[in-house]
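Notes to accompany the following structure.
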């Protein structure tokens, strides 16, 4: 996949327009874009091409609200994606919501096991998916068409992990693709992942681009590490329209075959399924191609969009697939769900999941859902909305294989597996153990939305009471 060649095409995609805006040699509006300049860059040791630009931090910002930034365009006569540098990386964190989340307009966490969310690159993603929530954001650099690059990301991750006594697998990344071409310059994903692996922690990557050899090498260093790709149709032509900046579908299948040949667990996010554009037959064909190369696990999620940007997504689908197929989609895209999300009608989703789970099982793959909710049944005590996750899953955890938590007493020691971790992860650990987390921790056993201060605490079993009674569960104290 020649990423730069795609960005130079004239198909009117937003990613292409943003790229050409910053790359044009002689802009008409000098007050917004300065001339292209060159300098020796001490960070990379290369000759950098850049220009100053005024950008807004919200879409359609007023001129007086724009700020001047330095936009890097290339190095050593090689053109890269327009990007800026930022000094501070986003703090490492867990999932966004608690298991018991009753906030109005929100929804409870469906994720079985913990993960540490990373962001080696932020802002805009040039893979250009029709359904992308990242590029549809209204605030920050994602609204400018610029990628944001945290400087010395690997060192910043090392520093954050150096203060942590508890961790989970490092997730690279739920935001922009971790293997964007500028990774060849900055190595943020590689160095961030190395920081986890060197401490004995597992990692996983999620990408629509090609896995570099170093990523495969890192995955092989921990038995709990695994590879993910995001593939949402078995139709090669439609795949290119859905994710025009991605590598070809066949290239993905070939890479999955190689990952499995090297003994790496593969967990494919069939995400998001866009009915009307993607048919049941397309999903069946994708499953067959995945199973043929030994894939382990599939995670299926139907498309959803925030109320504010759903119209923009529909417009992109109309442009790429035409009115007839887009209407077939919008006829099903009718459910207003918890979390201020619009999604596919529940009866269609439930029936499809049951069918897809059957197919996956027949083909030798385990199955799970992701952020799929149904309405609670009146009179049963169920909440207004609840996750379908446990009803549909055939694996240990929603990402497939069991991946435990890790902890350590001393900060100068590698992390060690929490042996008490249940196959289901933290989400259902206490549910299956008479309401008691197996590790004894009220914090980690409650499947909360963990943040940096939480990871400074240690996980350890609470010793039994001296009188031989049941183990007492107490909050774990922070060690400074």
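Here the Cβ of each residue, glycine as well, is placed from N, Cα and C on the backbone.
Taken from Swiss-Prot as is:
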type	residues	note
BINDING	125, 129, 132	iron-sulfur cluster binding site
REGION	457-480	region 'Disordered'
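This view paints the features noted in Swiss-Prot onto the structure.
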residue	record	CB count, 10 Å
125	iron-sulfur cluster binding site	22
129	iron-sulfur cluster binding site	22
132	iron-sulfur cluster binding site	23
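In this structure, residue 132 (iron-sulfur cluster binding site) belongs to neither helix nor strand by DSSP; it is coil.
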